[in-house]
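Colleague: Not my notes, these are from TrEMBL:
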BINDING   Lys33  ATP binding site
COMPBIAS  316-336  compositional bias 'Acidic residues'
COMPBIAS  344-353  compositional bias 'Polar residues'
DOMAIN    4-260  domain 'Protein kinase'
REGION    302-353  region 'Disordered'
Amino acid sequence: MDKYELVKDIGSGNFGVARLMRNKETKELVAMKYIDRGHKIDENVAREIINHRSLRHPNIIRFKEVVLTPTHLAIVMEYAAGGELFERICNAGRFSEDEARYFFQQLISGVSYCHSMQICHRDLKLENTLLDGSPAPRLKICDFGYSKSSLLHSRPKSTVGTPAYIAPEVLSRREYDGKLADVWSCGVTLYVMLVGAYPFEDQEDPKNFRKTITRIMAVQYKIPDYVHVSQDCRHLLSRIFVANPARRITIKEIKNHPWFLKNLPRELTEGAQAVYYMTGNPTYSLQSVEEIMKIVDEAKAPPPVSRSIGRFGWGGEEEDDLKEEDDDTNEDEEDEYEKRVKEAQQSGEVNIS
């Protein structure tokens, strides 16, 4: 850890707290995600790291290395200075169709690459898409904590993801194709960019998960009259929001859709993207898989109880109380969601024909 110095906190995600750090030697800014040593270092964390390490694409946050502190496992990655796409929409209210397409094209480009590497993200949402801070922002997918590689694992059965973005087949808890579930989540992202609201949430009662689930299963959504959306775009959304995944549009078909192809930047064309699909494309990380797994295994051991040097391996013990409060809140929200999903399943609401 001696090579990095703290700049500021930049938020928290599914598995830990993130901080902006500076490499003391190169002065490069990096994002560092901290995960408590001990029981939190499980197969999800190992999967996130190994999957992320294997990806090398301009629309995916670069993985750099993992570092062990006395109290945490730290994942070091590229810093996206432009923040979350979610924040940009909150500030704008909603995007024009052209701006939404600009970001959607990049999202699909990154997801397509992940799928070619046999990795499904499974938690695609605006909060997991970052911007690089350039005048014409480049979108970058992050947070591979839920991702599943079909090369290493069976098809997913667990209900992961965020309620508003979750596909009908994921709610059913049957075996599902993670790639087609990702397509659904991309559709939700596109809708939110265009409308400034979630397609299946009741705006008057957004915390009503049962209602959201019912609307997802019935594919019950509409584009408000005050939002101008072209027929091509409406057609694409109607092909994404299909309850039966076997009838849903695929990523390959999206990339050939007229709405997607309009004003497609040259760097996103099939020809320009081919270089990223070449076998033997080197990783950004200097650490080998073996080196990483050795560090991850070491991180499974809890930190020494006698060490009183703050949460991240240096001072700042006052943050512990805040972290515990955040954990309690997150657990309550997850428990509530799981409860509502189970209720809906037991009542027979989540059946897919």
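Cβ atoms are placed via backbone N, Cα and C, with glycine included.
Automatic prediction, not curation, is the source of TrEMBL annotations.
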Colleague: Across all the protein chains here, work out how many other Cβ atoms are within 10 Å of the Cβ of Lys33 (ATP binding site).
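Modeller: Here the count is 26.
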Colleague: For the domain 'Protein kinase' (4-260), what's the model's average pLDDT?
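Modeller: Across the residues of the domain 'Protein kinase' (4-260) the model's pLDDT averages 87 on the 0 to 100 scale.
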